[in-house]
Amino acid sequence: MTTPVSFHPQAFIELALSRGVLKFGEFTLKSGRVSPYFFNAGLLNDGEALSLLAQGYADKLTQCENVDVIFGPAYKGIPFVAATAVALSQTHNKSVPWGFNRKEAKDHGEGGILVGAAVEGKKVWIIDDVITAGTAIREVVTILKNAGATIAGVLVALDRQERGQGELSAIQEVQKELEIPVHALITMKDLMDYLEAKGEKEALANMQAYREKYGI
């Protein structure tokens, strides 16, 4: 068996670029802002890419406290949390229960909206790709709390490090409102450091201008 490689931001950025997960250019976001980059974790759709992402989540979780259960919000978070559970077992010798939610509750079989490990009385870490407005995270936090869970924190792939409607970023708003930590594998600063190291002056200048306008 090949030993998984530890997560490094630069290696992940390069893989994301090669898969089209990360693109530099000009992209209009739902907010109406014109961003100099775009990140779509849904394109991490092969074994190598998913494995590297999961390794990043697993490495980060070993530095966190209160990891009773890991949880992936439907739908994108489901493969992320499953792969992370495997990475925790294979590379850190930690067997961590995992679960996810359905978009709609079942009224037959085992029923309900939650699938996988029981969360009642457990400290749960939520794993997702990004927090854009924070709406989806707030919804899943409510679901988990209603099931008796304590939210230990949130782990995302990318922190855009930009303001929401106010002076705080979406991640900062979630941290303040829900009083939980939110950690990211890579940040906008990591992307800028990568561009600087590669000598991509135009893309870096566009990122710097965007950060000056919207950054935190």
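Cβ from N, Cα, C; glycine included.
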Candidates Arg102, Arg160, Arg163, the one Swiss-Prot lists with Phe38, Phe39, Thr132 as binding orotate: Arg160
Of the binding-site residues Lys30, Lys76, Lys103, which one has its Cα closest to the Cα of Thr132 (orotate binding site)? Lys30
Between the binding-site residues Ile131, Ala133, the one whose Cβ has the fewest other Cβ atoms within 10 Å is Ala133
In angstrom units, rounded to an integer, how far apart are the Cα atoms of Phe38 (orotate binding site) and Lys103 (5-phospho-alpha-D-ribose 1-diphosphate binding site)? 26
Within 10 Å, the Cβ with the most other Cβ atoms among the binding-site residues Lys30, Phe38, Lys103, Thr132, Arg160 is that of Arg160
Rounded to the nearest Å, what's the C-alpha distance separating Asp129 (5-phospho-alpha-D-ribose 1-diphosphate binding site) and Phe39 (orotate binding site)? Just drop the number here, would you? 9
Determine which residues of this chain, when Phe38, Phe39, Thr132, Arg160 are set aside, have a Cβ within 8 Å of the centroid of the orotate site's Cβ atoms, and list them as they appear in the sequence. Leu29, Ser35, Tyr37, Val130, Leu158
